[in-house]
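In what follows, a structure is listed as structure tokens, so that the remarks can point back to it.
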Amino acid sequence: HTHTHTHSWQPQGCPLGPLPIIYYSSLLCLGLPANILTVIILSQLVLRRQKSSYNYLLALAVADILVLLLIVFVDFLLEDFILAAPLPHSLNKAVQVLEFSSIHTSIWITVPLTIDRYIAVCHPLRYHSVSYPARTRRVIMAIYTGCLLSSAPYYWWPELWHGLADSGLVGKSHSDSNAGQHVLVWAHCATVYLLPCSVFFSLNAVIVRKLRQRRSCFRLRGYSTGKTTAILLAITSVFAVLWAPRTVMILYHLYTPQPTTAGPARTLHLITDVANMLALLNTGVNFFLYCYISKRFRGMAASVLKVLFRCRKQPPPPFYASHNFSITSSPWISPANSHCIKMLVYQYDKNGKPVCISS
């Protein structure tokens with residue numbers, strides 16, 4: 001699929017033994033709740049402050065959830081471990097397209113976030129006229145839709161592990177197939193790594209230089225750029241480090257035939273598995289980066305966890321009449337008509353419904 005593996009990394013066939021099973025199970029069990037918690041916290045922040053950067057981080061967390069479900073759970077754990085067999089061909093190809101879409105979305109959501117931070121730091125007077133919630137939501141929808149549509153050609157993604165030379169085609173059709181596969185692989189590498197990293201490195205370099213020149217721009221015109229910019233730099237740096245080995249291995253598999261001897265093949269298999277592990281780790285670390293950088297995020301995470309893990313919900317206190325009340329003292333009720341008024345005192349049952357206890 002979107003990674004390069006043999007569809008059989010069971011303990012007896014994988015150089016890492018049972019480690020991939022343990023690793024991906026742990027990544028799913030930790031990364032999925034962490035991203036769901038991130039969605040809850042960022043949703044609260046979006047409702048409170050309506051900042052564009054919070055909307056982008058929220059969209060990033062949702063995309064990371066899709067990556068964990070489609071690749072870590074369906075592709076690695078379900079297909080390769082639980083079922084120990086590939087999915088039906090049509091379903092397998094559909095899942096493959098969705099995998100590419102989720103990966104591309106997870107990466108490209110960070111690009112407008114980088115542009116947003118660049119404008120906030122380097123052009124603060126124009127920031128509020130350029131970046132606002134309605135435009136941010138349109139950008140996010142455009143990225144999700146564009147990544148889904150642009151992933152359609154990856155229906156024909158080649159099985160790089162076995163090498164392109166083993167496709168069984170000869171003559172002109174073999175040459176045309178190889179050319180198309182080379183274009184597809186290079187398009188994927190440019191989309192997920194080369195182009196985003198070019199944007200990240202160029203704009204982040206300008207942002208860092210600007211912040212060093214003008215320390216006062218951390219707080220300018222009533223909004224803060226310090227924590228959000230630090231989060232951006234952390235996200236993009238971690239991405240560049242974790243995805244570099246996978247990109248190199250994809251290109252290596254594209255231009256190098258499968259080793260024929262057991263030793264080199266096993267080593268290549270091991271390096272490829274480690275590269276895939278590092279790349280997918282990127283989907284589960286953002287929550288911990290946010291907690292490390294932002295005190296507000298840590299506090300909100302602690303509050304949400306306290307609510308989720310509270311032993312039992314406190315029942316609402318019952319309502320009792322605590323003092324005598326004369327309806328005739330009301331300026332809206334005539335004393336002559338007070339005999340027509342009935343006083344009702346309610347108490348709540350265990351389901352929170354009012355129950356009349358006196359009249």
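The backbone N, Cα and C atoms fix where each Cβ goes, and this holds for glycine too.
Listed in TrEMBL:
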DOMAIN    34-290  domain 'G-protein coupled receptors family 1 profile'
TRANSMEM  21-42  transmembrane segment
TRANSMEM  54-78  transmembrane segment
TRANSMEM  98-119  transmembrane segment
TRANSMEM  139-157  transmembrane segment
TRANSMEM  183-208  transmembrane segment
TRANSMEM  229-254  transmembrane segment
TRANSMEM  274-293  transmembrane segment
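Remark: the transmembrane segment (21-42) makes no contact with the transmembrane segment (183-208), by the rule of 3 or more CB pairs under 8 A. When each of 54-78, 139-157, 183-208, 229-254, 274-293 is scored by its Cβ pairs under 8 Å to the transmembrane segment (98-119), the top-ranked stretch turns out to be 54-78. Among the stretches 139-157, 183-208, 229-254, 274-293, the one making the largest number of Cβ pairs under 8 Å with the transmembrane segment (54-78) is 274-293. Listed as Cβ neighbours of the transmembrane segment (183-208) (distance under 8 Å, sequence separation of 6 or more from its ends, same chain) are residues 100, 103-104, 107-108, 110-111, 114-115, 117-118, 121-122, 150, 153-154, 156-158, 160, 229, 232-233, 236, 239-240, 243-244, 247, 250-251, 254. If you look at the transmembrane segment (139-157), the same-chain residues 6 or more away from its ends with a CB under 8 A from one of its CBs are 1-2, 55-56, 59, 63, 93, 96-98, 100-101, 104-105, 108-109, 112, 180-181, 184, 187-188, 191.
Averaged over the domain 'G-protein coupled receptors family 1 profile' (34-290), the predicted model has a pLDDT of 86.
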